[in-house]
Every structure is written in structure tokens, then in C-alpha cells.
Amino acid sequence: MTMQVLAVDDSRTMRDMVRLALTAEGIGAHLAEDGLHGLELLDEIPAPDAIITDINMPRMDGFGFIDGVRAREEFRAIPILVLTTESAAEMKARARDAGATGWIVKPFEPARLVKALRMVAG
Amino acid sequence: MSDPMAEIRASFFVECEELLEALQDGLQTLYDEMGDGETVNVVFRAVHSIKGGAGAFGLDTLVAFAHRFETALDLVRSGHLSASPDVLKLFFTCSDILTDLVREARDDIPHDPTRTDPILAELDTLLGATPADDVAEDDPIDFEVTTLSLDLDLDAPGETEDPTWDITFTPGPLLYANGNEPQFLFRALRDLGDLTVTCHDNDLPPLEALDCEHAHLGWTLRLTTPEGRGAIADAFDFVEGLCSLDIMRADDAPPPPADLPDLAELDDLAALSGETPDPEKPIPEPVRPTSETAPSPEPSPRPAPAAATPRATVRVDLDRIDRLVNLVGEIVINQAMLSQSVDAAGVPPNSPVRTGLEEFQQLTRDIQESVMMIRAQPVKSLFQRMSRIVREASAAIGKDVRLRTEGENTEVDKTVIERLADPLTHMIRNAVDHGLEPGDAREAAGKPREGTVQLTALHRSGRVVIEVADDGAGINRPKVLAKAIEKELIPADSQLTDSEIDNLLFLPGFSTADRISNLSGRGVGMDVVRNAIQALGGRVTIQSEPGQGTTFSISLPLTLAVLDGMVVRVARETLVVPLNAIFETLAVTPDDLRAFGPNTHVINIRDTFVPLIDLGAELGYRHPLQDYTGSVVLLIGQEDGLAAAVVVDAIEDQRQVVIKGLQEAYGRVPGIAAATILGDGQIALILDPIDLVAQASGHTQPAKPVSPQKIGVSS
């Protein structure tokens, strides 16, 4: 069973890049355009092995999204990587408080992202 | 297969255009004081997303500028900076520069720092004027880093044998709550070298007392690796602060006791920073109430599903659409040919063939309309470009001008939008430069100091109308008249109506400004504007009210792919004349006709003399006729009046034709706009009547387009 990842980012470019990085490694990618869309998608697809999310997004930002995921019993153990241009310690702390597993600063190297995914999701 | 990165790059620039549009929109909303917190967020996110994507492609100049801009926007977002009109004006300029930088990056144009530097300095002043900690929080250097690799190799180089490391690792409950799995961490370590793992389960309670929300296990790991401490720490990057961790060179310290005591309290920062904890001081594993450790128990802020779901759109290459447009054009032609064959075969009116054909005709028309709609785009992007023109133009001449737009979502063919940019730019500059009075004059006239230029788009009877209206002083008709007489564009004793005077602005070489400003006096007159619009099958009209302002209206066809035309015959050739250029058709009577010399005639249309153009002779199909009495003429003209009477042999039909470009194959042919294929398979040229009149040779009248008034008065 190949790894399945849900990636949430409001930038189409970022979604495309994440998808490219994942599919090149044989990882399945589901893409959502913001936190709300991500939560909706979680109900539609089989539970992913890992989640990647941006922070700054319309409608529902990454913090809200992580809260939303962690509030659901069945999603509590899914590792969540934050992928953002933000690097402020205070933001990282907030994401971790919400339940984020890891933090990767954009721009990202595909290999680095995949390595991080393997590290949190096997 | 195409390079996926190149595709993403291309798609990034498309996305940038959308983001820049959102940015412009948001800034305008804020400027109009209609915005709220979310507007600021939208503006911030637009710049933020551009920065993010630009970083991915290593577009450093773009990243650096976007970052500074974003930092300033963040101050507004956080309430540290108020969005005053001055600040917003700077943001508008930043947005313009960002637009330029995006295009430079896209087209690989070298960057010219002289334009950005002053603005960056202004941004810095703005940033400097606010609490320093907000600025420092987000250091630009972060974005020059391309990887997050923490490979701070602390080992001395030249080491021959791989060192061995002892790692003690005890997860806290939050480690699990945040979705980490130690097993995967160990796997990552195993990739670094030789790894042995020992699990410590002394704290594991009996099953009935086991709380699976808590962490009960600890590990010691021994790793022999050529990698440095950095690589090992890297593996624990995400769990830093969620566990107690100690990484030690095995030869630096005695091997850890087999029975490892709990090392440190989780919150102990010393433990987190990798310092050696004190093994002598056993500390019970912290047990926090679940409510604290579990992720936020509050219900997620999840609005009702009724919230707008992301719009379903598909991006399609324009070439593909054009191909579809072409194919549909072929269907239209084919269908016309089929109808003609059915007619020729004498099929009775109520036969199934005819009914079927009629349905086919209807479907064809529907398909054609649907395809045209794919090419249609809102004029918004065009209007946004104009808002920049207004800002730059008003700044250049020191007038306060506000651009208002209406009907931005009106859709027009993409090509029309693209080709409208230049004429519209010129009209906007004109409105700012000539239309609006200087601030003092406005105040003296009891108007607000700030002038308004209103840009409106709307659909009217199957065409798109775009209006450029200013609330200036209106056209100074005596001055225009005097200028036209001085430039010998009209005779000195001309008696013109207001509307005729207004239309003098469209004469070639006309300029009312006494002083040529560097804004609109660029040697381009309104005649060029009118020609450009006519080339799109459009018309321009003027309305002006003294003291109230001037409105230019452009009326355009919805598409450039089909055209309503009149099919005419000349010297056994079939031609199509665009209907929008034809005022009237009539047969010439001897009374109307005046000869001005050999082969030069005018005809009298309601007491106005109009030059006669013999189309057959003009296009070189045949010699000029000896006598034009009884000839069929098309009165060709523009909004300001008739330009010429074009002689044809016969009028055949009036119909919609599919436009086939000629320029690719033949370049520009004077007097000819394009070609089409008629129902019988015959190819017909589509005339460009205004160009034809302008090009008209000595066979008929002087090449210079002649205003009807001039003829009328001089005869």
C-alpha cells in the first residue's frame, strides 16, 4: 500500500509542486485549497498516512485546520507537517500547540519533504 | 513529455496574475474605505503566495521585494500600522512594482534596481517607523535559505573511523499527540548508519492501568555513522521539545546505564537544547491532565458546509480553444454549404432533411456561442491596468485623480481585451491630462479638488460598451474649433454643430494642449485610438457637457471570430463589407453625382458631398467606370459622419460570416481586414472600409480621409 498524503495549500503553484514531489516518489497526493476544503476532503477520502498544510490560507488557516483534524478521534494520530514560508518561533509554537508534527520552511526541496514524510509516516 | 517543473512554473505565473488582481482589488477596496480585516488578509495572502511560489523557483529579486512588501502589509494586518491613504498609495506603487517584477521574472527580463530601490527605501522608512520587534520577527534572511537542513557538522574533518553516538530518547505524551511515531525516527536514523535500539519499558504499567494517551517507553540508541551530530539532530527535528533527548559521542562518555532513569522534565529547556541532563536526579515522568496535553478540545471553527466551496475551474491552453473556435467556424461554413446544396437540390420545404438541417443550424449557432463564451474574460484585468495608468498619470502631472470602475465582470473576447489596452490607456491618459482641470481650477468651479475618471463596461444590444468618463470641464469647443481652423483641418468659415466640433478630436494630428505634456502628447492622437478600435470592429463616440465632463464610449462586437457582413459583388468577385461600417445603401441618381475631374466624383447625400470610391478600380479588378449613374453605393462612415460612398456592382446578401485571418499568410493587405468562406465554398475577402477610404488612390479622391464637412462647405 503506497503512502497517501493530503496536502492543503491555497497556492496552486505550491499544490502542484507538492504533488510533483510526492508522485515522483510514488506517494499518493490529495490536494485541498484551504483548511475547510481539507477537512471536507478528509471525510471523502480514505484517511491519509500524513497531512501537509500551509498556514496562511483563506476561509480557514492552517492552525484552524490542525485544530479541526486533531479534534476528530479518527485523525488524531495522523502526522501533520506544516509547510510554510513562516519561520517565526512563535508561529511554530502555535502550530505545535495545535498538534502539528513537523515544520518545513518554504521553499522546500522535494527530497527534504519526502524524507520528512517518511520520518513521520513511515 | 514536457517538463513538469516548466509547467508548474508557467502555471505559477498564471496564478500570479490572479493574485495580483486580488491584490489590486483589495487595495482599491481599502482605499475606498470599504474594506475590513479580511480584505487586509486577502491582500497579505496574495503577496505572501507570490513570495512563496517565487521562492520555489529561486526568483530572488521577486522574493526579496515581496517579502518587504509583505512585512509592511503584516504591520497593517496586526494593527501596528494604519492603512492611511498615503500608506495605501505606497502599497499601490508596490503592487505595480510587484507586477513588473513578476513579468520580468516570467519573461527573463533583467531587473533594473533603480525603479525598485526608492520604493524599498520608502517601505523601509515605513517599517522603521513602527515597533522594531515586529520587523525583526521575520528576518529576510530566512528566505534566502533554500533548505532547512541543519547539517551543522561539528565533527573535525579528516576523521578516518566513523564515530559512534549514544542517543537517549524519552518521548513525552505530546510527542504522540502531535502525530509522531518513534519507530519512523529510528528508521531515519538507521539510514544514517549502524543502529542498535534498546527499549526501556520499566515504566510500563500493568495493562489495566495503562493509559494509552501517555508515554511510557524510553529508548537508548547506539549509532555508528559518518554523518555528524547535525544529521542525527535533524532526525529529531520535529520532536524537539516533545521528548527528552541526549546525543553524545560514545567515546566521550561512558555508555549509559542499562537501566535508564527518567531524564528530565519535559519543559526543561536544557534537555531540549541537547545539553546533558543530570542522570543523578531522577524525575518522575510528568503526568499532565489530559485536557492540557490533548490537542485543543474546542470544536473546530468549521462553518456550515454552505460556505462557498472552491470554484470548479479547468485551465485550458488558449491554443486548444482557438482550435475549437476554428473548428466551429468550419462547422458553420459546412452547414451553410449544406443548406445551399439542399436548396439547389430542390428539397421540399417540409421534408425531414430540411427540418433536420434547421435543427443542425440552431445547434451550430448554440455551439458557436458557447465556444465564444470560453474565450470571453471579464474586463477586470484591463480595468486594473487602467487604475495603474491613472495613478502614474496623475502623479506625473500632479493632479488628484480617483478612478472608479463599474461592470468589471462584463465579459469580452480575450483578444479584444488585449487589443483594447493601448487605446484605452491613451484615452485614460487624455482624461487625466486634458479632461480634468487642475485642482485649483476645480475648486474655483466649486468641484472637489480630486477629479474622477469613471470606467464603465456594460452589454448593450449584443455589443460591449466601454465608457471613459471624466468630471472635468468638458470639451472647450471654441478652442477646438480654432485649433482645427488653424491647422487647416477645416475651412475658416465652417459652421459646425457641437457634436461635429467634438468629433474634430478624432482628426489625424489634432491636439488641443497648448503645452505638450509628456503624458498624452506623445504624437499619438485620438485618430490612432479610433483606428485601433475600428480595427476591432468597434466605434467611438464622444459626449461632452461644458463644466460637467466628457464621456468617450467605445462600442465593440462580442467576438472577433464572426462578423455581421454585407456580401457584395464587384467585377465578378465576392466581397464582404462589415455591417457596422455601412450607414446606408442607395442607387446613384444623375442629380446626386458631381464630377471633380477625370475619375474623381463626389455624390450629394442630403446636402453633404461624399467622395465616391469605385471599389472595382480601387482593388484593381477593373478600370473605373465611365458613368456611375445607377450604380449601387454603400455609404461608409464612422460615428462622426460619412467618409465615402463605395461603388459596388450588386448587393447579394446580409449574413454572419466566420472570420479567417489573412495576416499569417499574406501580412497586412491594405483595405482588406480578413477573409471568409461562403456557403458555396467560395472564398471572399472582408473589407476594412475605413482603411480602404484612407488608402483610396487618385482613381477617386485624395488619399487623405476627408471629413464630410470639408467637402460640404467647400463645394
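Along the chain as shown, residues are numbered 1 onward.
Any Cβ shown, glycine's included, is placed from N, Cα and C.
Heads up, TrEMBL stuff is auto-annotated, nobody curated it.
As given in TrEMBL:
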DOMAIN    B:1-105  domain 'HPt'
DOMAIN    B:358-560  domain 'Histidine kinase'
DOMAIN    B:562-698  domain 'CheW-like'
MOD_RES   B:His48  phosphohistidine
REGION    B:272-311  region 'Disordered'
Counting by DSSP secondary structure, give me helix, strand and coil numbers for the domain 'CheW-like' (B:562-698).
18 helix, 75 strand, 44 coil
Are there residues of the same chain, six or more positions away from the residue listed as 'phosphohistidine', whose CB falls under 8 angstroms from its CB, and which are they?
B:Ala66, B:Glu70
Conformational class of B:His48 (phosphohistidine) under the three-state DSSP mapping:
helix
Provide the three-state DSSP residue tally for the domain 'HPt' (B:1-105): helix first, then strand, then coil.
87 helix, 0 strand, 18 coil
Over the span of the domain 'HPt' (B:1-105), how high is the average pLDDT in this prediction?
88
